[in-house]
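The transmembrane segment annotation in TrEMBL covers A:15-37, A:44-62, A:68-92, A:104-124, A:144-165, A:194-215, A:270-290.
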Amino acid sequence: MQGFLDIFDIYLLEAVVNGILLGGVLALLALGLNLIFGVIDVTWICYAELVMIGMYGMYYMVQVFGLPYWVAAPIAIMLVAALGALLHYIVIAPLLTAPPINQLLATGGVLFILQSFATVAFGIDFRNLGIRLPVLAIGDMHFSYSRLLAFIAALLGMLAVYFFMTRTYTGTAIRAISQDRQIMSLMGVDTKRIYLITSALGGALAGLAACLLVLQYDVHPFVGLSFGPITFLICVLGGLGNFVGGFIAAFVFAEIISLGGLFSDLEWGYVLAFAFFIVMMFIRPAGLLARRS
Amino acid sequence: MNFRHAAWGIGLAALIALPFVYRDPYHLHILVLILIWSFAYTAWSIMGRFGLVSLGHGGFMGVGAYVTALLWNHLDVSPWIGIPVSMVAAGILALVVAYPCFRFRITGHYFVLVTLALSGIVLQVITATRDYTGGSLGYTPNRARSGSGLMALQFDDKTTWYLIALAVWVLGLLMWRWVDRSMSRYAMEAISEDEDAAAAAGVNVTAEKLKITLISALMTALAGALYCQYQMFISPDTVSGIAVSLQMVFAAIVGGLYVSLGPTVGAIITILLAEVLRIGFGTKAVGWDNLVYGLLLVIFIIFLPKGILGSVLDRLKTQPKPSGTK
């Protein structure tokens, strides 16, 4: 009996730690989406598909062109950042005054475009980088270095965004716009330019997430569907546009998925997370950290 | 308006007569698919036209298809009973999710994302209970013993299916028209403009929204069950999940949300497009149809938010009518 408890605890601890490591990457994704929502007031349904394109970029640069990982990563980040700016310029900018639902559905169309573009251009095979990072063993617990690396890099990325937002003029302007978008154009801030920069920044965060996820998962055109919905739910749970709320919600979700997966199949972890989300929406419709007005 | 009624009557008579004079099985198959999906898209647009954009309809369709098939395979319950049961199940699911949504004023982006979570749940539950549902490999209802096709709602000839699908499609249009002419329509339009003002004017906001959602969910479940009975194969990706929900939204918008035949036009365009690309490119076409869908969706939302049929009808209406003609 004692032995059984010991083993159980170790698995539990391993699941908890893995949940935290997963939470880091989810928090990074949620930050990018929250940034776009908070500043431009648009939800990019296709956000996870940008990550998917970034993962393919990494795959081609590393596997096909033979670039080292550390060279390929910045290029992939810049590529997805450019894609984000392009998405804003072509699709969102003409729809800025349209009803929010239309913006949402237009990015839904972009989701179809990116998915099928990947299907047509790259095929539906599963591909991976072929980089196997060693596994870290502490006692009887096993953690993969790729997850650890992803967690640390995600935290660094978020820290970089934090300093950009608080210490630079552009960052201050971005935060100001998210508070009041009408008045800022009267204050001499070029709103269009800020929107474009924000979109590029959101894209860059998706690119960073792509570089980290490609170490853990195989790439295929529909990989976005496996973490895209979760990212939206995290953002909504934390309160759309609320950076701190999104950060906390990411870890809550990651723990639910990880622990749910421990006691049963991984799918049940997702079911639990989705059900938790729906229940939370009824209890706190404006997000975890919303103050009662 | 007699001219309109006559046109509808003649059109319907022609559609009923069609399979008796034209028997090409492939073309009938495409027509059946178009009719079933048109019904599903009409069901979506019944609530979508009032700004209640749901991405949970993939979930309702999945419930409709899987509950019917599971009852038949595991408990030997005839689809004649299974389909109503599956519709009730989808209706309960809709009420459980929608009531708190409407009660707590979850609208706009938030409503879209809650319903997105709903279709995510249905997809994951189907995949997770793979011992019963076959998981992502799909599921096939058992063949009925010979002679009991009617009881099992399984028919081999396309003509029967065509007539069933046609009847259901007409039912969908009648439902659309019924909602269009009811007081609910005015209530829902007021709600979509301004909920507080509508409530102040005496509209029971929660009840009206629930009514529309329930009708829409029941119809979607019926479409799912019919699709399952016709195709005799369902998989989580073809009848549930976010992709199916987006497909409904897309077709309804391309055809036109605000006119009764809009979703049907959307279904004709999307299904014909997929078929033409499939025949034209063969296996290389994988992905091309969705690429064109996506491009069209973006272009339509930017330039033609009322959809093809809606824009054409608008154009016809605004043209000055020459005097003298009726």
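Glycine is treated like the rest: Cβ placed from N, Cα and C.
Unlike curated records, TrEMBL annotations are generated automatically.
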Cβ contacts under 8 Å made by the transmembrane segment (A:15-37) with residues that lie 6+ beyond its boundaries: 43-44, 47-48, 51, 141, 143, 147-148, 150-152, 154-155, 157-158, 161, 174, 198-199, 201-203, 205-206, 208-209, 212-213, 227, 230-232, 234-235, 238, 240-243, 246-247, 249-251, 253-259, 261-262
Near the transmembrane segment (A:68-92), which residues from the same chain, at least 6 beyond its ends, have a CB less than 8 A from one of its CBs? 40, 42, 44, 46, 50-51, 53-54, 57-58, 61-62, 103, 106-107, 109-110, 129, 131, 195-196, 199-204, 206-208, 210-211
Which sequence positions outside the transmembrane segment (A:104-124), separated from its termini by at least 6 residues, show Cβ-Cβ distances below 8 Å to it? 42-46, 49-50, 52-53, 56, 87, 91-92, 95, 220-222, 224
